[in-house]
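Taken verbatim from TrEMBL:
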| type | residues | note |
| --- | --- | --- |
| BINDING | 79, 104, 131, 132, 133, 134, 135, 136, 137, 138, 139, 200 | 5-phospho-alpha-D-ribose 1-diphosphate binding site |
| BINDING | 194, 199, 200, 201 | uracil binding site |
| DOMAIN | 6-208 | domain 'Phosphoribosyltransferase' |
Ligand code: URA
């Protein structure tokens, strides 16, 4: 069964308050999302495996650790997921970045792929799929379906704010994918927005309306 981790680090919670604030403008919103993505990347990488190596310091030979195991990939769900990529790359600069774009059919309300571009060795990588909001869960489920269809095997999902409804839909569909969130909010409203949430993450990141 998927694990759901809520990052309660004080810095993440503090910055999230200003991200939520309707009076926070586009520039500051973008910077704060970037900073929270960095902090979340720090937490999400806590369990990465290490291997011991020899290192020569100016004083003597020593044993020390370097990262081992799978290479990492970041996969933002277009478009709002893009706002979290640079913040993660600050800590994991060698990660490859794939993209998944989905649109919702206005009649059936089902998400459909319109763009998928992934690293060629996607099945070898540990992927972090990012989207600021996990609302109904439909888009996130379909994005992970797209990755699995192309061979991805090791996936984590990271978002800023989730609704309980979305967490259930996602973890039911992908019990092998752990979910990492900064805040678990109350509910979805009738328009599919998370309450209290932060509004439309894409519009607030890119200054569109
Ligand atoms: N997408 C958003 O950007 N905001 C929400 O509240 C829900 C989905």
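Glycine is treated like the rest: Cβ placed from N, Cα and C.
Fair warning: this is a prediction, and the values are worked out from it, not measured in the lab.
The structure, with features from TrEMBL marked on it.
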residue : record                                              : DSSP (3 states)
79      : 5-phospho-alpha-D-ribose 1-diphosphate binding site : coil
131     : 5-phospho-alpha-D-ribose 1-diphosphate binding site : coil
137     : 5-phospho-alpha-D-ribose 1-diphosphate binding site : coil
194     : uracil binding site                                 : strand
199     : uracil binding site                                 : coil
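Screening the binding-site residues 137, 194, 200 for a C-beta under 6 A from any atom of ligand 1 leaves 194, 200. The Cβ of residue 135 (5-phospho-alpha-D-ribose 1-diphosphate binding site) has 24 other Cβ atoms within 10 Å, all protein chains considered. Within 10 Å of its Cβ, the residue among the binding-site residues 131, 200 with the fewest other Cβ atoms is 200.
A sphere of 10 angstroms centred on the C-beta of residue 137 (5-phospho-alpha-D-ribose 1-diphosphate binding site) encloses 22 other C-beta atoms. Using a 10 Å Cβ-Cβ cutoff, residue 133 (5-phospho-alpha-D-ribose 1-diphosphate binding site) registers 27 neighbours. Other than 194, 199, 200, 201, the residues of this chain whose Cβ falls within 8 Å of the Cβ centroid of the uracil site are, in sequence order, 132, 133, 193, 197, 198, 202, 203, 204. The 5-phospho-alpha-D-ribose 1-diphosphate-binding residues named in the record, 79, 104, 131, 132, 133, 134, 135, 136, 137, 138, 139, 200, extend over a maximum Cα to Cα distance of 17 Å.
Here residue 79 (5-phospho-alpha-D-ribose 1-diphosphate binding site) is positioned 17 angstrom away from residue 194 (uracil binding site), judged by their C-alpha atoms.
Note: residue 139 (5-phospho-alpha-D-ribose 1-diphosphate binding site) has non-local neighbours 77, 102, 104, 111, 131, i.e. same-chain residues 6+ apart with C-beta under 8 A of its own C-beta.
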